[in-house]
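For A:12-33, A:40-58, A:64-83, A:95-114, A:145-164, A:185-206, A:226-255, A:262-281, the entry in TrEMBL reads transmembrane segment.
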Amino acid sequence: MSINLQALSAQLLVGLINGSFYALLSLGLAVIFGMLNIINFAHGALYMMGAFVAYFLLNLAGIGYWPALFLAPIIVGVFGMILERTMLQWIANLDHLYGLLLTFGLALIIQGVFQNYFGSSGLPYAIPDALKGGVNLGFMFLPIYRGWVVIFSLVICIATWFLIERTRLGAYLRAATENPTLVRAFGINVPLMITLTYGLGVGLAAMAGVLSAPINQVRPLMGADLIIVVFAVVVIGGMGSIMGSIITGFTLGIIEGLTKYFYPEASNTVVFVLMVLVLLVKPSGLTGRTT
Amino acid sequence: MSKVITRLLLGTAIAAATVSAAAAQDKNVKIGVLTDLSGIYADLAGPGSTLAAQMAVEDSGLKAKGWTIDVISGDHQHKPDIGANLARQWFDREKMDMITDVPNSGVALAVNNVVKEKNGVYINSGGGTSDLTNAQCTPNTIHWTYDTYNLAYGTGTALTKAGGDSWFFLTADYAFGAALERDTTNALKAAGGKVTGSVKHPLNSSDFSSFLLQAQSSGAKVIGLANAGGDTSTTIKQAAEFGISKSQKLAALLLFLTDVKSMGLDLAQGLSFTETFYWDMNDDTRAFSKRFSERSKGAAPPTMVQAGVYSGTLHYLKALEALGGNPHDGAKIVAKMKDMPTDDKLFGKGSIQPNGRKIHPAYLFEVKKPSESKTPWDYYKLVATIPADQAFTPLDKSTCSLLKK
């Protein structure tokens, strides 16, 4: 087949945009797994809650997109911290499987409740006025909002990476996961730090939800549709690796975009084919530490 | 000796009479609403379809005459194997008599075979593929509300004649999408249009930008959306984002009331599409919709699919009453349903063709501007009415084997 360069570059850009969602979501998952050792299956449901909170803020309180971008992650983050305190902390020292099952159950309950009240077809959420319209790049028409998504996600990803890998607080966190007893001996409140970390991971998911609300419908199943792909991203990147999940998120978005150009029918499965290949060659993931 | 023979004959006669009386008195009916209770079509069919079937049972008045009619519902989860297995279990264990709804053409075709094998009755309202009354037709199936031919003919012909003579398709990658693309291609070619290309997308996608870019670069005048439910509303939303709606026309080949609700009128305004039922058509449909929405989730009026479940179930019960009960011979009941003219308050007077296709008028609607919408759910403007005899596949073009006699 002849390759149309224009169309190809357009697909690359679209892939990069989707990659930003994968990166933001897998980043939250990696933070939670790296620090709490919990495979957070409720991540998709919390992402969906982020979008819904933005919708409620707008329609019940008249609070628009910009405040919601920060308010919704805080609200959903607090909800996450309550979950951590009331449920997750009791199973933190058990096998991964228990955390996975508990959070999977939570996801089903949260989605079920939203679906019961709001149906399945979704609610409208408009693009903020300042980001409406688009620019003609020559090879494609780029909606300004999508460009914003890429830039904003990149900034948030780098900030999170910096917080965990390059600050004193991050150093405490990493130390607390290696040896909680020792860190506690220095007078640091480890359980509080764990709770805040879970809140941070959940907040990242909710922020992705707000970002996605104007592009997709605000739908109860929006997280369920995405979460499996995001898990594949995390597995490929290496469970718990912050930088790995960011890079893999963007890369897989691009690979998916290319598949949509060359063979659209396989676009839903290409990520899993890659996951199988990576696991066969390097079971700890591309950037994962072998433990 | 003759006394013995007389007694024997008498005994046999009494036994035969008892058996036939028992058969005639069998007034226990079981109706299964096989639908999508949790996925992307749950709002346009789902619990609302179950409610519609229950209302049909109430309105039939048969319960007051001593009939026992149970309505149960099941979730096919958009998987043909799950749908077919559930249907099989219903017939084997629950002694089901009739199955209705079944949104998702893949599941609809799978269930079609099971119902024929078990000699039940199948009144499809939610599934779209026109194969149900063509290559896959059976003596047990009636396709009630709409089909891909009907959508294709209505919208495809109208838009092509209005100048949209080159099309690019964005097609959901399952039985329904394939059938809709095929039927629309035929309709628009007949009207003088051509197809420049198409792309298939997986069912229930969240991102359509790649596909939309391909449609955009094709330069076609019309982008035909051969998908449904949440897929359609997401496509339309993202098409607006990419500025496509300005340069090319979007044709939502299948659009439901609930899709318009989820998009909002701002985005949906001006879309033209074909449906066979709208709640605000006349006093009868408004009265029914009021009763329906008082009992439905979110006070939603019935969609075309839910209205079809009501109308189909009501006609089924009328046929059963005319037969005096005994609901277990599906082919016989379907034959009776085809013999009787249909008449209800939602679809008006109609009939059922020998291939199982229910015939009624179809309507070309346009979505209102936000300023034109006066009440909640006031979304559609009637553009044209397609008479019943033109709205569906002409019998001489149907490939149904029941017609070759």
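Glycine is treated like the rest: Cβ placed from N, Cα and C.
Just so you know, TrEMBL annotations are computer predictions that nobody has curated.
If you look at the transmembrane segment (A:95-114), the same-chain residues 6 or more away from its ends with a CB under 8 A from one of its CBs are 37-46, 48-49, 52, 83, 87-88, 220-221, 223-224, 227. A contact between the transmembrane segment (A:64-83) and the transmembrane segment (A:40-58) is present, since 3 or more of their C-beta pairs, 6 or more residues apart, lie under 8 Å.
Comparing A:12-33, A:40-58, A:145-164, A:262-281 for CB pairs under 8 angstroms to the transmembrane segment (A:185-206), the maximum falls on A:12-33.
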